[in-house]
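Peer 1: Reproduced below are the annotations present in TrEMBL:
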- 1-32: region 'Disordered' (REGION)
- 1-11: compositional bias 'Acidic residues' (COMPBIAS)
- 21-30: compositional bias 'Acidic residues' (COMPBIAS)
- 98-139: repeat 'WD' (REPEAT)
- 151-192: repeat 'WD' (REPEAT)
- 193-234: repeat 'WD' (REPEAT)
- 235-276: repeat 'WD' (REPEAT)
- 276-316: repeat 'WD' (REPEAT)
Amino acid sequence: MNEEISSDSESESLAPRKTEEEEEEELEETAQEKKLRLAKLYLEQLRQQEEEKAEARAFEEDQVAGRLKEDVLEQRGRLQKSVAKEIQAPAPTDIRVLRGHQLSITCLVITPDDLAIFSAAKDCTIIKWSVETGRKLHVIPRAKKGAQGQPAGHSSHVLCMAISSDGKYLASGDRSKLILIWEAQSCQHLYTFTGHRDAVSGLAFRKGTHQLYSTSHDRSVKVWNAAENSYVETLFGHQDAVAALDALSRECCVTAGGRDGTVRVWKIPEESQLVFYGHQGSIDCIHLINEEHMVSGADDGSVALWGLSKKRPLALQREAHGLHGEPGLEQPFWVSSVAALLNTDLVATGSHNARVRLWQCGEGFRQLDPLCDIPLVGFINSLKFSSAGDFLVAGVGQEHRLGRWWRIKEARNSVCIIPLRRLPVSPVAGS
């Protein structure tokens, strides 16, 4: 210890003595340096805060840009979200079966909030179901022909239904050429549209409006306004009974022309139509995937993907549900229903080969690949995806919705709710 002290004292004695002025100057410089250091630190903090804000803004802008890009693609009708590869095949025990109709289900719709399902059947009744409990919320009974003073209802097979995008109006069409408009919430009958000269086979509301499109076996397409209880116009072009119709936000609708072998896009303001060819048999069902693409099914067993800019299918899947019959006399299973999850690559088709089939649309809708099969016995006469895409509803019957060519006795006339669970997306390697 003593040695250390002495060495320190020696070094101190060797160092030149500082004057009082120099020490004061050093102290003054130290204070200035401190101010400068604090100012630099403050500026650095400000810079970091600004960088963090800029990063947050950039992240928000990226998110907004992504949403805007999706909105633009959706408006242009070209949005194709990739969800099909995430879908997990449901177990048969997960399928909920709702029984209530006496005869084959012909059509169904899901309310925009995904809380209720309306189903209709050959027994001329319409039933409103709760998705959560599976219970009947309301039954619109069959009406007796010619009877006066009875509650409104259908007296013949209900072939089609549609619900407005705000969930206010329900429209139903039957073999007696009538379209009935209901208040969807209370199931109260509002009014009846007459004008078709044959069975009403297709109905669709234009999204975001109360404009209603209808089509019929009389080969025409009619436009109505449900809110104003008014008829607008009639369009002609099909050469045979029209089998189905669909519409989205644009002022146009698409139709499946049955035996005339055409799919048509009707541009309502211009009163013009585009004609598409591709199926060999009767085109019985059609559904829009987005504003620019659609899927259709026919009794030749084929499923087709279409783009509005091409007159021929972008993709055509023949024998989509396989073949049946004696060796050498095999016939394809008819495709009796199609559905698409809006603005995605997921499509579902139904037949009477005891399964609903899910498909993935390839990029640009130029390919159609089978995903999985869901066992379901009977004629799948109607298919609808929920808005959120978390379940698929199938209308099942012992008979085809348009006739009695076959009868599948072991089938149950029912509404089937099929849950669609998503696989968790695996993280990207290295992330």
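For all residues, glycine too, the Cβ spot is worked out from N, Cα and C.
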Peer 1: Mind checking which residues reach the repeat 'WD' (276-316)? Cβ under 8 Å, same chain, six or more beyond either end.
Peer 2: 74-80, 243-250, 254-259, 261-265, 322-323, 331-340, 342-344, 347, 349, 351, 359, 361-362, 364-368, 402
Peer 1: Near the repeat 'WD' (98-139), which same-chain residues lie under 8 Å Cβ to Cβ, leaving out any that are not at least 6 residues past its ends?
Peer 2: 153-163, 165-167, 170, 172, 174, 184, 187, 379, 381-382, 384-388, 390-391, 393, 395-401, 412-417
Peer 1: Averaged across the repeat 'WD' (98-139), what pLDDT does the model get? Just tell me the whole number, please.
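Peer 2: Per the prediction, mean pLDDT sits at 97 for the repeat 'WD' (98-139).
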Peer 1: Of the residues in the repeat 'WD' (235-276), how many are helix, strand and coil by DSSP?
Peer 2: 0 helix, 23 strand, 19 coil
Peer 1: Which residue counts does DSSP give the repeat 'WD' (193-234) for helix, strand and coil?
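Peer 2: Its residues divide into 0 helix, 24 strand, 18 coil.
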Peer 1: Reported in the order helix, strand, coil, what are the DSSP residue counts of the repeat 'WD' (151-192)?
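Peer 2: Counting residues by DSSP class gives 0 helix, 22 strand, 20 coil.
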